[in-house]
Amino acid sequence: MAKKKNDTKTSNKKIKMPSFKLSNQQKLVFGSFLAFFGILLFIAFISFFFTGEADQSTLSDFASRDVKSENWLSKSGAWLSDLFIQRGFGIASFIFAGLIFISGIYVLLNLSRANLAKHWFWGILTAIWLSILFGFFGNSYGILGGTIGFEVNTYLQDYIGKIGTSLLLLFGLITYLATRYKVTFESFTNLFKSAKAGLKDDFEQTNDDVIIPLDNNLSEEAHAIKSAYEIAKESNNSNTVKDVKPKVETAPLIVKPPTKEDLEDELDIEMEVKEVAEELSETDNLSDKLVADFGQFDPTLELSKYQFPPLDLLKKYDSEGITINQEELEENKNKIVDTLKNYNIGIASIKATIGPTVTLYEIVPDAGIRISKIKNLEDDIALSLAALGIRIIAPIPGKGTIGIEVPNKNATIVSMRSVIASKKFQTSEMQLPIALGKTISNETFVVDLAKMPHLLMAGATGQGKSVGLNAVLTSLLYKKHPAEVKFVLVDPKKVELTLFNKIERHYLAKLPDSEDAIITDNTKVINTLNSLCIEMDNRYELLKNALCRNIAEYNIKFKARKLNPNEGHQFLPYIVLVVDEFADLIMTAGKEVETPIARLAQLARAIGIHLIIATQRPSVNVITGIIKANFPARIAFRVTSKIDSRTILDGSGADQLIGRGDMLFTQGNDLIRVQCAFVDTPEIEKLTDYIGSQKAYPNAYFLPEYVGEESGTSLDIDIEDRDKLFREAAEVIVTAQQGSASLLQRKLKLGYNRAGRIIDQLEAAGIVGPFEGSKARQVLITDLTALDRHLENENI
Ligand SMILES: Nc1ncnc2c1ncn2[C@@H]1O[C@H](COP(=O)(O)OP(=O)(O)OP(=O)(O)O)[C@@H](O)[C@H]1O
């Protein structure tokens, strides 16, 4: 036994034979020595350019301490730089300083020696080549090429002349690039082409440049515009140049437990730790390889040259920026205090916040005053201030004060330009950011449509709905690439959204068989809505297969090339459906539109379909319970009655607004008063022109095809499958000469679904005509005798 132990000891001794491995302490010492030496060389070399000449005479007296050198590192610095630069490689000697420094870092961090050797190999070659090059051009300055450069040059020129030497140098460069950087002839030509294109882009961009004065006293807006411009520029650039970062894999360390013998020799033998790469699944492997080869999938690639619209397209108003009218403030304050005093309401303090259209006076009443008492004085205060649109918020949620909003005598316009330029909008990380306007405290109000997830807009005619819709669309155009968002626009008024036709192939979505992307015909809306429902179902299927919960997760996975396009996966843009006049739609098509809208509103949030619905008539038969339940985010412009206000906001307030873009926004809880940003038709025209003039997709984004019921496919219902009450229903319809489901519901006491099915069967049997929107269907049989004959003929 003892003998065996001895044996192992002797064999271990053999392993301990001298090795080149350094212990950790040695690495620290040696590595830092090299790194510092590299730095010292660098300093000495730099100093040489200033002190080299003066030190020339002192070199021969290296041993004598009386002779001083001027080099920053004194005698050794002077000697080393003379050795490397003067007698060696000239300027190229800096490469050696760098190589020595890198070597130190490699030793310190225990990096691969093979790589270090490669650095040295290429570094030395470069140094030689550079010294010859400098020797060639700077013959008279020994410093540039050093003695080596000078000598080699003279030698070469003696044998192959100047032309031969220059060609040899060029050949050396080509060989270097081809072997080290795998440069080919094609990459040369490509480089040339892209440089040319880049130059062209730069040139075009400089034309668009905004000139921003270098003045510290820039107005706040100018600062905002400046930063916005820089951000927009940056984001544009990031769309064209894609950084593909190599993926660093973290692999677990597998450490073998030490054996007894190992422990005995611990002090002498260094343990080698082997890193084992983590085992990846098949798809991970594939996607990592694809990402390594091609980079992440870039949805914007097809329109990679797309330029986001510049801010200059939007108008700047002179009347912008709030001007405080001290007199007006004082006058209003006194009137409020006096009115309240008349009713024995004392005020402890009063504070004013000035907004673009209204000023908020926040008052703290004396102790013991009932809030309802102040609320009831709304009309009296309005009377004494002789102003429209006074709103009392009692109490202001979360503040413990009472707010009285009084319209300013001179309202200021909130320009679209100022809200788009705001830092809040430009730096927002939201998925679908919308800059709606400015709040009462003059802050830019930005909301995320993706979070809402649908928006209901209502207000009497001429109060700013269409401007509001344009503000929403403009915000998205300034923030989203055409690959990321698509709009489905429904415009029964036919004139409000027509300008967006110009960006059809960039931003709009439509049915494959329709000519116009903007839908103005109500019957076509039904098909589009149903098609969106199909798109929604398809998207849910894709998300289910990809094991994702929402569109954001899905798109991240798709960009990381983890989803196979051959299995139907594709990058999914957000779809925003905008309906400008919903009341008109619901009046003509009723349930036909309400059902798909309700379905989309209930289910579409996760898959990136968002609805924005605007209506002039906020009555309960337009904004039905089912619609309201699914649109928690609402915007109310001025309406004419308290009842309308209640329909939209579930409370009063909208009737007290002052119009012209003054609005209340709610996302389910608090009401926020916002002055909507103003964007005029010429601005939209410029914006759509700018986008429309750029390269576009071959066509608009196609929604799935939908075959409407009226086209007859669902009508070949089997005679055997007819409802038991079919004949009775036919008689009711023919007698009344009115083909409507509600008639059957009433006469035969049926539910809506059954009545609807019977109507379909009657259509299939040729008794009533096809669906005609909100009108009753035409009855094709004139009387009961004709009906009998018709049905008998059918049975033969
Ligand atoms: N945010 C705003 N700032 C200043 N003025 C505004 C604003 N919004 C609207 N206006 C003014 O009100 C007018 C009517 O606005 P808009 O056309 O949007 O109303 P609307 O509610 O869509 O009306 P309709 O339903 O009849 O189409 C505009 O021409 C403009 O002069």
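From the backbone N, Cα and C atoms, a Cβ is placed for every residue, glycine too.
Just so you know, TrEMBL annotations are computer predictions that nobody has curated.
Non-local neighbours of the transmembrane segment (28-50) in the same chain are 22, 71-73, 76-78, 80-82, 84-85, 93-94, 96-109, 143; each lies 6+ residues outside the stretch with a CB under 8 Å from one of its CB atoms. Annotation source TrEMBL lists transmembrane segment at 28-50 (among others).
What TrEMBL lists as transmembrane segment is 89-109 (among others). Same-chain residues lying 6 or more positions outside the transmembrane segment (89-109) and placing a CB less than 8 Å from one of its CB atoms are 22, 27-28, 30-39, 41-42, 45, 81, 115-116, 119-120, 123-124, 126-128, 130-131, 134-135, 142-146, 148-149.
Within its own chain, the transmembrane segment (121-139) is flanked in space by residues 88-93, 95-96, 98-99, 145-146, 148-153, 156, 165-166, 169, 172-173, 176, 180, which lie at least six positions past its ends and keep a Cβ under 8 Å from the stretch. What TrEMBL lists as transmembrane segment is 121-139 (among others).
Under the heading transmembrane segment, TrEMBL lists 159-178 (among others).
The domain 'FtsK' feature in TrEMBL is assigned to 442-646.
As annotated by TrEMBL, ATP binding site applies to Gly459, Ala460, Thr461, Gly462, Gln463, Gly464, Lys465, Ser466. Long-range neighbours of Lys465 (ATP binding site) (same chain, six or more residues apart, CB within less than 8 Å of its CB): Met457, Ala458, Gly459, Asp580, Ala614, Gln616, Phe637.
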Cβ under 6 Å from ligand 1: which of the binding-site residues Ala460, Gly464, Ser466 qualify? Gly464, Ser466
Any further residue of that chain within 8 Å (Cβ to the Cβ centroid of Gly459, Ala460, Thr461, Gly462, Gln463, Gly464, Lys465, Ser466) of the recorded ATP site: Gln616, Phe637, Arg638, Gly659
With an 8 Å cut-off on Cβ-Cβ distance and a minimum sequence separation of at least 6, pull the same-chain contacts of Ala460 (ATP binding site), or say none. Gln616, Phe637, Arg638, Val639, Thr640, Asp644
Looking at the binding-site residues Thr461, Ser466, which one has the fewest other Cβ atoms within 10 Å of its own Cβ? Thr461
If one looks at the chain holding Gly462 (ATP binding site), which residues at least 6 apart in sequence have a CB under 8 angstroms from its CB? Gly659
Kindly assign Ser466 (ATP binding site) to one of the three DSSP-derived states: helix, strand or coil. helix
